[in-house]
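Step one of this worksheet: look at the structure below.
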Ligand SMILES: C[S@@+](CC[C@H](N)C(=O)[O-])C[C@H]1O[C@@H](n2cnc3c(N)ncnc32)[C@H](O)[C@@H]1O
Ligand SMILES: O=C(O)C(=O)C[C@]1(C(=O)O)C=C[C@@H](O)C=C1
C-alpha cells in the first residue's frame, strides 16, 4: 500500500557526522510519522484546509500545493470536496516525494484529477489559481528567494484567491524564543523522541530550515502585494497564516 509509513528513527543512533537534512528516500519512508510527531498542530491545520477551501474557493478553481511532500493537503481536500469542485497540482522538488504522492493519489482518490509535478516552486510556470498552499516549505528556501516567490504567487492568484502559509517560526526576543524552543522539545519528548534524536535533528536542520519571525512573514506577504494577512493558527513555534488577494 502506497501510504505505508515507518516510525521515524532516523536520528535515533549516534552519528559521527550529522548530514544536512534532505527529503530523500529514508525521510520519505517515515515522513507521515515524522511530521505528525514533529509539527504541533499539523493535523488541525490539515483539517482546517478543506473548511477554508469550502468558504473561499470558487467552484472548479485550481489549487496549488507547493512542497506537497506526500500530498497530505491534497488528500484532505479530496476527502472533503467532490471531484468537480477543484483542480489540484502538487509540486515537489524531491523525486522520492513526488513519485510517492502521485501513487498515493491514484490509490486513495482515483476519481479526483490530482496532478503532481517534480519541479522547483521558484521557477514553475503557474496558471491562475484560487488557492495556494505553502505548508512548511517556504522555510526551506534560501531567505533571499522568498520574497520573489511570494510576489509571483500573488500575481498568479485570481481576484479573491487565498494563500495559506504555514511555517516554523523564531521569536525576535531571545527569552521568548528559548522558552518556545524548550517547550517544543518537551512536545517532541512527549511524542517519543529522545534527547539525542532531538539534538541530532536540530543539527541536521541548521542552515537548511531557516525560520522567519511571525512579523517577518506578514511583512513578506505585504511586500508581495497582499493587502491583508492574518495569523489563524499558532501552536508553540509553528504557525499558519492566511493572505487574501482583493476580490
Ligand atoms: C516539510 S515538507 C512539506 C510538508 C507538506 N507540505 C505537508 O503538509 O505534508 C517540505 C517539502 O518542500 C519540498 N521542497 C523544498 N524546496 C523546494 C523547492 N524549491 N521546490 C519544490 N519543493 C521544495 C521538499 O522536498 C519537501 O517535500
Ligand atoms: O523536527 C523539526 O525540528 C521540525 O522543524 C519539523 C519539520 C518542519 O518543520 O518542516 C522539519 C523537517 C521535516 O520535514 C518535518 C518537520
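In case you wondered, yes, glycine gets a Cβ from its N, Cα and C as well.
TrEMBL names 67, 68, 69, 120, 121, 135, 202 for binding S-adenosyl-L-methionine. Of 42, 154, the residue it gives for the same site is 42.
When pLDDT is averaged over the domain 'Methyltransferase' (63-161), the result is 98. Secondary structure at residue 69 (S-adenosyl-L-methionine binding site), taken from DSSP and collapsed to helix, strand or coil, is coil. With a CB cut-off of under 6 A applied against ligand 1, the binding-site residues 42, 120, 202 are reduced to 120.
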